[in-house]
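*Asks:* What TrEMBL records for this protein is below:
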- 7-94: domain 'Cadherin' (DOMAIN)
- 95-237: domain 'Cadherin' (DOMAIN)
- 238-349: domain 'Cadherin' (DOMAIN)
- 200-221: region 'Disordered' (REGION)
- 233-254: region 'Disordered' (REGION)
- 464-488: transmembrane segment (TRANSMEM)
Amino acid sequence: MQIIGKDDDQEGTINSKIRYKVLRQEPAGSGNMFTIDENTGKLYTKDDSLDRETIDSYTLIVQGTDMNGAPGGLTGTGTVNIKVLDINDNVPTLEKEQYAGSVDENTADVIVMRIKAEDKDLEKTDNWLAKFDIVKGNENGLFSIETDPATNEGILKLIKPVDFEEVQKMELGLLIENVAPFVKGNAMEMDVDVYAGEGPGAGVKPGPDGKPKPKPAGGKSYPISIAVNNLPEGPAFKPSTKPVPVSEDPKEMPKDGIIATYTATDIDTGKPAEDVRYAKSYDPDNWVTIDEETAEIKLTKVPDRESKFLVNGTYFAKILCMTQDMPSKTATGTIAIQVKDTNDNCPTLTTTHESVCSDQRTVYATALDVDPSPNGAPLNFTVVTKKTSGHWVTEHFNDTTAVLRSTEMLWPGVYEVMLVVADQQGLSCPEPELFTVEVCICAEGEDCSSKSNRMLQKTLSYELGTPAIGTLILASCLLLLVPMLLLFCQCRGDAGGGAFSGQFTKMPFDTKENLISYHTEGKGDDKEVPLLSAPTLVNLGTQTSRKTTNTPATDQWYCQ
C-alpha cells in the first residue's frame, strides 16, 4: 500500500521532506514480514511466507521524520492495519482414519454415514467447503454422496436396495476436493470399503480415456466398513413376469384347462414359499382362475387373439401371493398369456354402398380381416356373376381394397354386386356379401355425394315447423266446411229456378276442349292458347263469373 505523510512546512524544502520507517510489528511472529520504502512510503511484503492459517492480520506502527530523517528532525507516527486474505492452499482431510456402519438389506434412501472433512482454509468459503465424488465401486449407482455446507460433512446414502444373498462386499473410492480450485496441493482420493459378509469387491470407475483414474499424489486411503444386515424376507415371484403361450383354437386347449403353475419363491431359502395363499389381483376380462394353494392357473374361456384386452397379442393378468403371518407380506407377479393366432375370422366389407356418376365406371370396395398375417391381408375379391346386376370385374388396388369396374356403360339406378372376399389362406365368409352401387346423373363439376347432399339440404329446408303444421290443420278444417256451405247455396242455371235465378250471364266464348300435340322429346316451348291465355271476367253486379277450365260444349255457370 502507499503511506503518505503530511508536513505543513513549505513544500519542496528540506523542512517538509519526509523519510519513512516501520517502528514496530504486532504480532511480532517469526520476524518482520513487511518493509517500507523510506523515500516513497510504499509498503511491501518482505517475503512470501505469509500464512493466514497462522496469523491472519498485522498492525504496523510507521514513523515519518522530516528534514529527510536528519538528526533533530521532527517525527510523527501512524497505525497501519493489514488483513491477510485466504487462498485455497490446504487440501481437505477426513476426521477419522477408519469408519464403520451398517444398513439393512432391501432398504433404500437411507443415510449410511456422515464423513467429516477437515480443512484449514477459511471456514464457510469455497476454499474450505469440501466436494465428494464416488469414483470407484459405484458402477450400479447404489450410493450417492453430497456435502452438508454447514458442517462440511459428506453424507453417504444408499439409494438402491442391496440383497444380502447377492452382495457381500463393496469397495468405494471417494475423491475429495474443494469447491474452489487448489492453489497448492492436489485432490485427495480415499478408499472406502463397504463390507457385507464375504465376497469380491467392485472395480475402479474408468476415467475419460477408459482407463482407471490414478490416485493423485499425496492421496491417503480411508477404509470404511459397512455391514449389511440380513432380514427375514417375504416371498417373491421369479421371474416377475411369466410368459405362457396358448392357442385360440379350442381343439388345442388342455383338457383340464391348466395352462401354468406360478408359485412364489422364499427369498431366504430359494425354495417355493410355504404357508402362503394365492389370488388374482388383476384380470381385466376374467380369463383365468388360480388355485389358492397350488398356484395352478386355469383358463375360464377360450382365448381370443382379437380381443380388445390384448396388447400386441398378449393378455396380462396379475397374481398375488400372501403370507399367513401378521402382518402379512405380499408379492405380485404377472402372467403374460401369449395367444397364438388361428384363422377364425373371415374378411368382411367395411362398407356395402357406393355412389358413382353415370359417366364413370369404377368404385372401390374395402374389406377388413382382424386376423394378423398370415391369416389376414392381402385379401382377394371375386364377383359372383350369377347374383350380380350388370357386368363387373375386380382389379387389385392394395392389400385390403379392390377396384370394381363395370365393363359396360352405366345407366342411372342401383346395381347389386355380390362379392366373395378371401384372406391369404383362402378363407371367406359362408355367404357372399352384397355391395350396392348407386348410379346417378351428375351436373358438371359435381359428383353423386354432392348432389345427394344438395337434395338432402333442399328436403330439410321444406320441413315444417310447429306453426306451419297448425296452419295446415286450420286450413283442413275450413275445407271441411265448404260442402256444408254448398248445401245452403242453391247455385243452378237460369232455368233452374234457384235462389239466384235470372242473375247469371252465359259465357261469352266457346268452351270446347283444346289439346295440342308437340311430338317432341324433352322440354317444349310455351304456346299461347287463345281460350286459355287469360280468364274472361263478366260483370254480374255482386257476382263475378270466371271461366277457369275447358269444359264440354254445354252451358256451365260458376258461383264466386
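These residue numbers are counts, starting from 1, taken along the chain as shown.
Heads up, the Cβ atoms here are built off N, Cα and C, so glycines get one too.
Burial and contacts for the listed features, if you can.
*Replies:* Predicted-model confidence for the domain 'Cadherin' (7-94) is 92, expressed as mean pLDDT.
Sorting each residue of the region 'Disordered' (233-254) by its DSSP state yields 3 helix, 9 strand, 10 coil.
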*Asks:* Which sequence-distant residues neighbour the region 'Disordered' (233-254)? Criterion: at least 6 residues beyond either end, Cβ under 8 Å.
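*Replies:* Sequence-remote neighbours of the region 'Disordered' (233-254) are 105-106, 260, 262, 264-268, 273, 276, 297, 299, 302-305, 319, 321, 323, 329-342, 344.
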*Asks:* Counting each residue once, how many in the domain 'Cadherin' (7-94) are helix, strand and coil under DSSP?
*Replies:* 6 helix, 35 strand, 47 coil
